């Protein structure tokens, strides 16, 4: 095998950092971290590769490291996202409290992509803040009222997650109000479960589908699930549905009538008129394949458009102007299509439209195109589902589906609160009803094929499934929202077909936007071609370590060093003079060290004995989740000379793997246990590296990155 020559450089930049630079890729540049004086800390160099063909002078390197505008690359990872500590730090304080509270039950519990990332273990800035909720609610009201091609179900899911995250903490950090309750839930693991329940409650309230909400959280939201969480989330979904019904009964002037559906009501289907035959199954599969193709086209176009937005429409003023432009174009297209449409229907006593519009039609008639465009999207979906044959002509449905498809592609991704469920259902219902009308031309059994409403339902499921690639949860949501179990099997079959066909071309819409946001999202499985990689090739190094009893000045210097903004530090036995790795004896987090420095938990000498201030687990929870920055903590020169004993506060049993562990095994540990840090050790249990979420996400971004690393090794 030919040798591939590379220039090597040693980088001391950590991999799990704060908000410094917008983007990070696989090969990092940086100066070698010099050892800080006064501590027993050591660094292990990380090998990165640069092609020899491109010689870079120091001056050119400085210029390249400060670009005026960073070009978008979906294979870059954003450094503004941090990970969450789902693995509890089982230090002495934690274990003592668990023993005291062993009799007490532990209560467990979108932007859907953002909530999905949060539940995967990524700390998205301000994703579950009160300010986000206010903006989300106000934005969705304006977006829906403005007639944009949006839905309110996505913001409902996000709003439910925000409410759950806030209520579970018993305080509001935005309002600076602490109610001194639910303090036990002030940690990432508990907050994660509450957010899962909040997302499910949002689906339940939006569609009137409590079971569908649970399955949505299971299939599309939560990355960590257990049996106890199932019934708790189901209880939250049922309470959400009950609360919505109660207030809707008051709104409709029928207090106590709890038979109201969700906020989005598609109407119930008449089982007698919605029967289907065995020979229609192939037709449904064809519609599912068509939905997968159209969904893939939707995602591909939206992907290109989003990349364009990231590159050129990144200023707030430009984003506002684009939203105004989309609103103007939407209104212009709507009126133009209504004006040129000649689909006028008689307005008799037996008409089924709730709010018929006469626009550009004679007296006693209403405009079908205007009814489709100017009704709310969910009311238009209900009209396509339930209106009798002859309500729409084929040209109207075809033109409307094409126009709304393009408008929805353009609208999704704007800086407005918007969902994609209802627009997708409306597009699919339009071309599905058109498909039904075409089937009626070759109708041999009028009682079976004559009803285009069932094809509108199948088309709606196919289009939505082809875009978001949901199967189980979407089947139950549509069954609950339409009140018809008869079509459960066809809907499931269509959704599976749409997912299989769509995945052949491109990923689902949520996964695309997660990748475009450069979020270190961990999928269910490691890359298929990663079996030859080991933890040694993936790990980050150098690793900043602390001794069990460390000098305060050393800790402050490490935390203040912006070039090594690590979040987890292995605690080792005392290192040798030659900076050889020390044996692992624990792991401590940046947030814990900051709290210790804030409360000045230093070891001082008094009366010839060591004295250390005691700290309770409550002190750490009171600082969660907005731990103060290290710059806000003042440490005097005398205090810098003190020592800090980390034994009581570190996690004495962190997860470790040998350096020869395969990448798929490392990936499974991260994904199954919700880890943020994984210490890599040699055969003598000495620390040689640290694997973080961003290390794994970088090598999960495509086969090209894996092949590049493989070539560098050979």
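Just so it is clear, glycine is given a Cβ too, placed from its N, Cα and C backbone atoms.
If you look up TrEMBL, you'll see 1-32 marked as region 'Disordered'.
What TrEMBL records for 133-151 (among others) is transmembrane segment.
TrEMBL lists 194-217 (among others) with the feature transmembrane segment. The list of residues near the transmembrane segment (194-217) in space but at least 6 beyond its ends in sequence, with Cβ under 8 angstroms from a Cβ of it, reads 108-110, 115, 118-119, 128, 152-153, 156-165, 167-168, 185, 229-230, 232-234, 236-241, 243-244, 260-265, 470, 472-474, 476-477, 479-481.
Among the features that TrEMBL reports, transmembrane segment is placed at 229-251 (among others).
According to TrEMBL, the feature transmembrane segment maps to 281-301 (among others).
Under the heading transmembrane segment, TrEMBL lists 322-340 (among others).
When Cβ-Cβ distances below 8 Å are used as the criterion, the transmembrane segment (401-434) is approached by residues 112, 135-140, 142-143, 148-156, 264, 287, 290-291, 294-295, 298, 301-302, 305-306, 309, 316, 319-320, 322-323, 326, 329-330, 333, 337, 372, 377-378, 380-381, 384-385, 392, 394, 452-453, 455-464, 467-468, 509, 513 of the same chain, each at least six residues removed from its ends. The transmembrane segment annotation in TrEMBL covers 401-434 (among others).
What TrEMBL records for 455-479 (among others) is transmembrane segment. For the transmembrane segment (455-479), same-chain residues at least 6 beyond its ends with a Cβ under 8 Å from one of its own Cβ atoms are 203, 207, 209, 211-213, 215-216, 218-220, 269, 284, 287-288, 290-296, 298-299, 381, 384-385, 420-421, 424-433, 435-436, 439, 485, 487-488, 490-492, 494-499, 501-503, 507-511.
For the transmembrane segment (485-506), same-chain residues at least 6 beyond its ends with a Cβ under 8 Å from one of its own Cβ atoms are 269, 271, 274-276, 280-281, 284-285, 287-289, 291-293, 295-296, 299-300, 303, 454, 457-458, 461-463, 465-467, 469-472, 474-475, 478-479, 512. The annotation transmembrane segment is assigned in TrEMBL to 485-506 (among others).
Here the domain 'CBS' (650-708) has, by DSSP, the following mix of helix, strand and coil residues: 23 helix, 17 strand, 19 coil. The annotation domain 'CBS' is assigned in TrEMBL to 650-708.
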Per-residue pLDDT averaged over the domain 'CBS' (650-708), given as an integer: 81
